[in-house]
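To start, the structure itself, in structure tokens.
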Amino acid sequence: MSENTSSNHNKNRKQQQLDEFRVRNAGKPMTTNASRKISDDERILTAGKRGPGLMEDVHFFEKITSFVREEIPERKVHARGYGAHGEFECYKSMKQFTKAGFLQEAGKKTPLFVRFSTVQGSKGSKDTARDLRCLGIKFYTDEGNYDMTLISFPVLINQDAMKFLDVIHAYQPEPRTGMPQASGAHDTFWDYVANNPEALHMTLWVMSDWGLIRSYRMMPSFSVNTYLFVNEEGVATFVRFIWKPVLGSHSLLMDEAQKIGGIDPDFHRRDLREAINMGAYPEYELGVQMIPMEDEHKYDFDILDSTKFWPEELIPAEIVGKMTLNRNVDNEFAELEQAAFNPANIVPGIDFSNDPVLQGRLLAYRSAQYHRLGSKNYDQLPINRPLCPFHNNQRKGYMQYRIDVDETSYHRNSLTNNTPYTTPPKEGGYKHYPTKVEGHVTREVPEKFYDYFTQPRIFWNSLTSIEKQHMIEALSYQIGSCESESVRQQNVDLLVNVDKEMATIVADNVGVNRPTGDHVPVSTSYPSLSQASTPKYAYSLKVGVLVGDGFNGNEVTNTLNTLKKYGVFVVIVGATLGTVTGDDGTELKVDETFITTSPYLLDSIYVVGGSAKNMERFNSDIMNYINVAYKHYKPIGVGSNGHSYIHATDRNNLSGVVFAKDNPNFGEDFVAAIGHMRFWDRK
Ligand code: HEM
């Protein structure tokens, strides 16, 4: 029996199952895999002290062969990712629409495991790449595993699974050069976009602020594909899923994302781990958008088209439950790398629609996972195995863990009374919804799929002016990075369909002719497409307290208490590690130095000041932090001794800069500013 390395509080059933596999090696004798105790793990076996190695050194052979076989193929897409364990709590019964067990009653909890990922880069790439992000959720339900797969935008880049493979070839590093890593800013990607106009819509989402998330804790996710809910009576409803982060959806600026990519490529995974360790469990509410079968053709867009969103203003997202991530992984490889999400893993009450992207996806994942995990038996790995037992006649294969002891392994038998038996739908056996299908075998495209520009135009119309400005910068950077002038020109000529003014500015920036023609005549806009519509909180944002010896003890203690009260994460930043001492003897432990952290990694700064051995360096470090925070529109709190750092003629005009001097309410005002996140009106 293996050991349990985790503490015993509040373990759900999946955690208890995983405990069966958790092993702690510390404090134990080292052995070979066959359990022979090892006496020396540092020297190879040699014939004489200075003689040649011996073939009988089987311990070395085992050690080296294990080492060189440690890595498995990366995921073809989504190689870079991270995740955590958690649970889902149902808020209200969805019985009326679906018989899925985990949605039947309010209060029902289901354990789950998630993995967030970028798409383009390899496993070792940076977290902050401008990219679409994905979320795989494995619900360990009482009826078997249900895998929900989602992306961070409401639209995908292709309308048909067949095209996904081409767009990924165009998006990933170019075949001749192997570059660029984790970036779409290159010729083949933009050549693809220009020549496959269905790609434009999602590309604009990647170019928007939504493509640069601040944190996985602030990432929304959309199923994009259309599924079916099916209830006990067999009535089906079209459904799309949306997860809304309770903290709201927020982003980095392009400059920040690029810098952080170098300063801390693990920015998002570190943020997720830290928040969970601090007890600030990430939460996301599940919304379902539903369309009755009879309304299938009611909308201007085709509801089976993955490149079209379902506007929440027309099809509201009914909130039905909440996911909380409350436990970090213990082993990145065993839990994250071996996790296998598959949209084909569904439970009774959920079914597939005819969405042509989804139909192709149903085959892609198992094929990828057989290859990546090396055996058809990967469902038996601890992270993938369901909580309920599984029985069938599938046997053998590499790494078969089970010892099936039956006499038979075929269906319709008499020897084992025709078992394992099939279950009639009425008793829980899965039955596909009997969708009526008619028509000729074809590769034709449904008519509404050809509308490539209406929704991109609506998306553009819905953005605030600062969001539009960010998108123009992103387009100018990305298209401007293409060597081919023809590719640059083609993209500008495509963008004009979305917005003439935007395409003209981009044309000027990337050195090609201004586009002729005009955008599509659509003036609709939806607030839900802009980040401006999502909530903001100071809770769990990171404030760097820039401090030296002799700081104002009373003021800093009060401010830190207020920050703590609102759950703001505080990082004490000093000239050196150790402690700093205030004017009243208060001691603060320094968490980071000006060198080990960076203003790019902080959401806000509190300029306290004080003294340090090298005052010139101390002051210049503080000025650097202020400049970066100010330039990126971040809130800045200035302690009464920190005033000398702010060289402004009119301090009242510094939007988002909160001064402690003569302000008895400084702590609360500063927290309010942190919760505001960015001060776009700053000059
Ligand atoms: C709405 C569209 C899509 C969504 C929401 C989606 C989502 C996801 C998610 C969440 C993952 C799991 C990443 C992880 O393990 O953390 C994934 C992986 C993957 N996706 Fe998709 N995807 C979509 C479209 C497609 C299409 C059209 C294809 C191919 C036809 C595809 C092929 C793959 C492959 C091959 C993997 C890697 C699987 C593995 O090795 O485990 N995806 N996708």
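The backbone N, Cα and C atoms fix where each Cβ goes, glycine too.
Quick look at what TrEMBL lists:
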BINDING   ARG75, ARG115, PHE164, ARG361, TYR365, ARG372  heme binding site
COMPBIAS  412-421  compositional bias 'Polar residues'
DOMAIN    31-419  domain 'Catalase core'
REGION    1-37  region 'Disordered'
REGION    412-432  region 'Disordered'
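Feature annotations (TrEMBL) mapped to structure.
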{"residue": "ARG75", "record": "heme binding site", "DSSP (3 states)": "coil"}
{"residue": "ARG115", "record": "heme binding site", "DSSP (3 states)": "strand"}
{"residue": "PHE164", "record": "heme binding site", "DSSP (3 states)": "helix"}
{"residue": "ARG361", "record": "heme binding site", "DSSP (3 states)": "helix"}
{"residue": "ARG372", "record": "heme binding site", "DSSP (3 states)": "helix"}
Suppose you look only at the domain 'Catalase core' (31-419); what would the mean pLDDT be?
97
For TYR365 (heme binding site): intrachain residues, at least 6 apart, with Cβ closer than 8 Å:
ALA340, PHE341, ASN342, PRO343, ALA344
Per-residue Cβ crowding (10 Å cut-off), top of binding-site residues ARG115, ARG372
ARG115
Once the chains shown are all counted, how many other Cβ atoms turn up within 10 Å of the Cβ of ARG75 (heme binding site)?
19
For heme, with binding residues ARG75, ARG115, PHE164, ARG361, TYR365, ARG372 per the record, max Cα distance (Å, no decimals) returned as 21
Around the Cβ of PHE164 (heme binding site), the count of other Cβ atoms that are within 10 Å:
19
